[in-house]
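Presented below is the structure to which this report refers.
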Amino acid sequence: MASLSSTPSMEEEKEGSVSVQQSNPQSQHIAASSSTMDLPSNPSWFTPKRLLFIFCVVNMINYLDRGTIASNGVNGKKRTCDDKGICKSGSGIQGDFDLTNFQDGLLSSAFMVGLLVSSPVFASLAKSHNPFRLIGVGLSVFTLATAGCGAAPSFWFIAICRMLVGVGEASFISLAAPFIDDNAPVSQKTAWLAVFYMCIPTGIALGYVYGGLVGEHLNWRYAFWGEALLMFPFAVFGFVVKPLQLKGFSSVESKKALTPMETVSTVTDDSDASKVKGPILVGGDGISADELNKTSKSLDIHNILNRLSQFGKDMKVLLVDKVYVVNVLGYVAYTFVLGAYGYWGPKAGYNIYHMKSADMLFGGITVVCGIFGTIAGGFILDRMSATINHAFILLSGATFLGAISCFSAFCLRNLYGFLVLFAVGELLLFAAQAPVNFVCLHCVKPSLRPLAMAMSTVSIHIFGDVPSSPLFGVVQDHINNWKTTTLMLTSIFFLAAGFWFIGIFLPSVDKSNDENETQVSPNPMVDTKTLPDGNGDKGPAEVQGSNFRPPC
């Protein structure tokens with residue numbers, strides 16, 4: 001008799017469990033996806049090499065824009081007058097808007113404002129939205145913003161458009177490298193990153209040439225419209241194809257977070273709503289429509305606060321990681337110099353060595369040395385056995401030797417001697433591109449990679465090439481000596497080499513394949529611990545309690 005009496009109780013227990021699971025099937029799906037690290041099958045269009053090719057082209061267009069606005073053909077020169085009162089008309093952006101060197105340098109850094117604000121936002125959104133779709137959003141903004149630059153009627157209008165260009169770049173810069181790291185062969189991860197980052201110098205160099213040709217034969221505005229046309233197909237591609245999934249995040253093709261209405265409906269005792277005249281009642285507890293709206297708003301606020309709290313926790317993890325911090329500090333100093341080189345290089349070469357085709361010379365040196373230097377850095381690190389410690393050895397050594405070569409180049413008076421030493425210096429300096437990003441990706445857990453890349457990007461720009469271009473302009477306005485100003489700038493490379501040299505002696509662990517980490521749920525309002533997994537005695541009311549918090 002005892003066994004007979006206990007049977008209904010067990011059945012009721014199972015029914016209670018099933019009812020909870022049926023009332024919230026999406027939470028059940030999230031729990032299942034979070035319990036495994038297996039990613040869904042890749043879309044039919046995908047192959048690793050095809051993905052690398054697409055991302056390389058997009059990255060090249062991004063940096064084509066940097067070189068374009070810095071080229072003499074697009075950037076131009078301001079109106080000048082000699083002692084006799086004879087004036088020469090200006091050209092390009094600087095001439096059309098009558099900009100000082102400081103304003104001109106400020107314009108080159110304006111896009112960084114959007115980049116700095118948006119990079120951590122996109123990194124955080126990757127936990128609740130598909131990262132591949134977020135890249136599509138960013139590329140769409142880039143397309144519209146570059147078209148706006150071409151139509152700019154004033155300095156402030158083009159400055160705002162340049163900020164929006166930064167918003168467009170933010171999603172790609174934060175999320176592309178983790179995709180490549182996930183899909184590259186194990187023995188060639190750094191080499192694949194090198195191919196991707198090779199597009200930075202290549203894009204800038206092509207931008208010099210492209211901007212010079214378009215500005216000279218057409219008008220500087222057409223250069224920006226051309227960029228918009230080049231990026232448009234990739235912006236569409238990001239929305240129309242089946243998206244990829246990123247390691248460390250749960251499978252989600254698009255945003256699938258529960259709406260507040262769905263969330264509240266899962267915490268009622270009855271799955272069927274009671275329909276009565278007057279106030280709408282939901283479930284057996286009789287929650288009125290007004291109470292439901294208040295609960296929904298409360299959940300929204302709670303959700304936002306949880307996201308901010310999780311962001312703060314993730315930031316703390318990065319800031320206490322000595323390897324990550326030292327790597328980024330070296331990257332900041334390194335980027336400070338390269339940013340000013342990229343913008344002022346052609347003008348410095350023209351004024352110091354009277355180069356007739358400064359855009360073409362600097363563009364040629366940068367593209368050749370950038371390609372070979374970046375690829376060489378990646379392949380050398382793979383040959384050394386790609387570890388964080390070996391990456392720091394390569395970073396400090398290559399940067400130190402490159403700094404000596406570039407500093408010596410600017411000390412020479414002979415143009416040909418300068419070109420040889422400067423080319424050797426850039427070859428060595430660009431060898432740092434793949435190793436420095438390898439460290440950023442591998443010193444943190446998979447779910448922190450987008451944020452690590454985003455904050456690295458924010459740091460190198462806000463303390464690196466954002467202030468370096470206008471500061472170089474201010475120093476040059478006061479000193480009025482291009483060689484002295486350029487030597488002062490180049491000496492900062494030694495600081496970068498020093499930071500990376502410290503990294504050699506820090507204890508480091510590669511965390512990119514941390515298998516103890518569960519995937520991040522796309523719905524921060526659901527805690528998978530509350531979902532029934534053989535514990536049918538947990539009532540729905542328990543789900544509504546303090547267990548509504550984002551996964552760590």
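In case you wondered, yes, glycine gets a Cβ from its N, Cα and C as well.
Caution: TrEMBL annotation is automatic and unverified by curators.
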Transmembrane segment range according to TrEMBL, out of 46-65, 106-125, 146-165: 106-125
CB contact flag for the transmembrane segment (191-210) and the transmembrane segment (416-439), at least three pairs under 8 A: yes
Contact yes or no, the transmembrane segment (392-410) and the transmembrane segment (487-506), 3+ Cβ pairs under 8 Å, gap 6+: yes
Average model confidence [pLDDT] within the domain 'Major facilitator superfamily (MFS) profile' (51-515): 81
Distal contacts, the transmembrane segment (360-380) - CB-CB under 8 A, six or more residues away: 67, 190-195, 197-198, 200-202, 204-209, 212, 345-346, 349, 394, 398, 419, 422-423, 426-435
